[in-house]
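A quick write-up on the structure given underneath.
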Amino acid sequence: MVMSENSNISYCQAVANRTSFFTTAYNGIPETLILNTIFWVLLILLFTVLRHQAGDFGRLALVNSNGSKKRWTEIFYSRAASVVDPQPSTSTQVSPRPSTTSQGVPDSTPLSPIQPEEGLFGWIRVTLKLRKETILLHTGPDAVHYLSFQQHLMAVMALVTIVSLVIILPVNFLNGPKENPYDVNAFGRTTMANLSPDSPWLWVHTIITILYIPLVVLIMRRASGRNAFKKAATRTIMISNISSSDRNKTVVRNYMQELFPDVTIENVSIAYNISRLYVRNAEFERVHEARLYCEHHRNRDTLMVKPEMCSCKKENAYEYYQREERKLSGDVARLRASTMNEPLDIAFITVSTVQEAQNIVTHFTPGTYRQWHLVFAPSPDDLFWENLNVNKSHWYLKFFCVNAVLFLVLFFLSTPAMVVSLLNSRPWVKETEGKISPLVADFLPTLMLWTLSALMPVIVAISDKWMRHYTRSKQNYSIMTKCFGYLLMMIMILPSLGLTSAQALLEWGFLNQTDRWQCIFLPDRGSFYVNYIITAAFIGTALELLRFPELIVYIWSLLKAKSKAETPYIRKAILIEFPFGTHYAWTTLVFTIAIVYSVACPLIMPFAMIYICLKHFVDRHNLYFAYGPSNMISRKGGKIHSTAVTMTKFSVVILVLVMAMICFFRGDNGMARFLLLIISLAITLTLFTFMSPIKRCAATRRPSIVEIAGPAPIYVPDVLKDNGIRTSSVRPSAAAFGGYGSDSVSEYDSSQYSVNSVEA
């Protein structure tokens, strides 16, 4: 930025030097791009080789307990997870999901096989040719909504990229002052800082900034708009705050029938405290799977087990698991019996029609004796049954403590920019700075920042699982909003102000250092984010394909296993659901950074476009081939999707605010542009607050989930269903993943959905 005073120039340059050390032309962007491209090619080749070695086994092979000879690559990188057995199941196993009939026969439409992969890189063509109908049937409506959200972002970013390269970049590059302080090869010459404060060409940036508001809103509203999806009413109502004396099916049924005599009540279920039973049943499943493995093994007598992890003592595996199974079977039976004596204050009542349920929820008023709270029940699959026993007061206390600790740690102490600042202050860095290759010096900071910022969502996700949310949709929503907020502050807002932590932000406010505002969007700051997005686009997306975190969890589980007989159970347990909360936050953050910097630093947009395209391709592949189905159906189950669309509004709001501040602090000649931008910002905030053009999930009354004929979902946890102890072992236990994971592709009735109902 061309500052009005030399002192401000030196001050801002000093601030920039504390958060990055770029030394070459274009601030290391060519070097970072070259290194990232090389690493991306190597990682893609590694993934392709691993996938080719995996063979055509597919995700459904996980449920085959006889697959003892499978290699680890067959679990993570298998190629043929595309075909579902179209034949109805003839087993007597209890269906783990409401997508099956009461007899346990799947009633979903079988998937159409995709074309087989041909050649080493055939997986790329197969991924690109995946149809929306196939993804919907195979992975669930959440995946279709998520991919549709990304496609709308791609449309916005494509238009912004064209404007940035065709209009803004030539204006910035060709209309600098005669005595230009930037070299022709300097990155600053491509930014808005190249224009003098009194240049009339700055009106181009102002007008484009204002035009971006309707552009983003009109396109992104189609990602929710009339499809504020998965908010439809169901026939089942969840009743909470039931007193201990009323926790009985008969009492609940009679009271509701007395209040609503014209309503036909089909079923009443009481929730029970299954937290201990859930853990014990998971242990039983592990031992049961291991016993079956030993029973079908060719050399059953030679299989040995180590009862203790750090012990050399061994014994016959079949006898050990047989003994442990009998013991755990008795424990589970006793816990099931005791669980029935621990009813919770939650009940589920199913009526005959959606209209009757709507009438009950609308007209029910708590009485003087029974202060019940009625809401539409989430899907049984969306519930964490083992968490329903958590007291609300304890939950809110834990919520406050967890978020306070997260705020102190992530917001004040460990921002990525602070780590770079600390490294730059070390003497050995200053001594070796001239000796280090510029190629390495420009590449490592952004790679390190990307790595540190990638750890933050992991910390947030772990803490949220410890909080024990009641539903998967609420857990994903909480993770998404917190990750987006922390990432936005840590990755964009604080570094853009030349601050390394929120602590520095407070010090700045108390010391009244107004010169800081003049450091907004220095040329080096824009190049920093260009390098950051390049790293996220190439190395970040390639690592998402390889899924090293899941691989580490898998290897650690194998190391903890007492024998190789536990391997089939471990292989089932690694199939988790796609973490929508984290990925929504990451995608929206990069979109926000790109839009905010698109006017001041137009070179950021091509790389942001590359990021969203690669991210969409990688997520498309992983959703179909790597992760289990997701179906967060509840009255507010679509809130995570509609809120992600709403969060895109932050990009244009911050863009207008930043452009207004730049006009204000660059001298008196920009006051007209400043006033125009402030008026536009006020109008935008007013519309977003009172007349939001992006419809919220709660705004529509038209059901988007069609109630189908047949029995309603059974609101009973799997561990309490008939024959649940024995047959629940066919499901992959997700105890290690906080209740996530499944082995069935048809976990929901896909006939409830169509592609048109989940995509604008």
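Each residue, glycine too, has its Cβ placed from N, Cα and C.
What Swiss-Prot says about this protein:
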REGION    228-391  region 'Intracellular linker IL2'
TOPO_DOM  1-28  topological domain 'Extracellular'
TOPO_DOM  50-152  topological domain 'Cytoplasmic'
TOPO_DOM  174-199  topological domain 'Extracellular'
TOPO_DOM  221-398  topological domain 'Cytoplasmic'
TOPO_DOM  420-442  topological domain 'Extracellular'
TOPO_DOM  464-478  topological domain 'Cytoplasmic'
TOPO_DOM  500-525  topological domain 'Extracellular'
TOPO_DOM  547-568  topological domain 'Cytoplasmic'
TOPO_DOM  611-634  topological domain 'Cytoplasmic'
TOPO_DOM  666-673  topological domain 'Extracellular'
TOPO_DOM  695-760  topological domain 'Cytoplasmic'
TRANSMEM  29-49  transmembrane segment
TRANSMEM  153-173  transmembrane segment
TRANSMEM  200-220  transmembrane segment
TRANSMEM  399-419  transmembrane segment
TRANSMEM  443-463  transmembrane segment
TRANSMEM  479-499  transmembrane segment
TRANSMEM  526-546  transmembrane segment
TRANSMEM  569-586  transmembrane segment
TRANSMEM  590-610  transmembrane segment
TRANSMEM  635-665  transmembrane segment
TRANSMEM  674-694  transmembrane segment
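On the 0 to 100 pLDDT scale, the topological domain 'Extracellular' (500-525) averages 52 in the predicted structure.
The stretch from 153-173, 200-220, 479-499, 526-546 that makes the most Cβ contacts under 8 Å with the transmembrane segment (590-610) is 153-173. Contact between the transmembrane segment (635-665) and the transmembrane segment (526-546) is not supported, since fewer than 3 Cβ pairs fall under 8 Å when only residues 6 or more apart in sequence are counted. Helix, strand and coil residue tallies for the topological domain 'Cytoplasmic' (464-478), in that order: 11 helix, 1 strand, 3 coil [DSSP].
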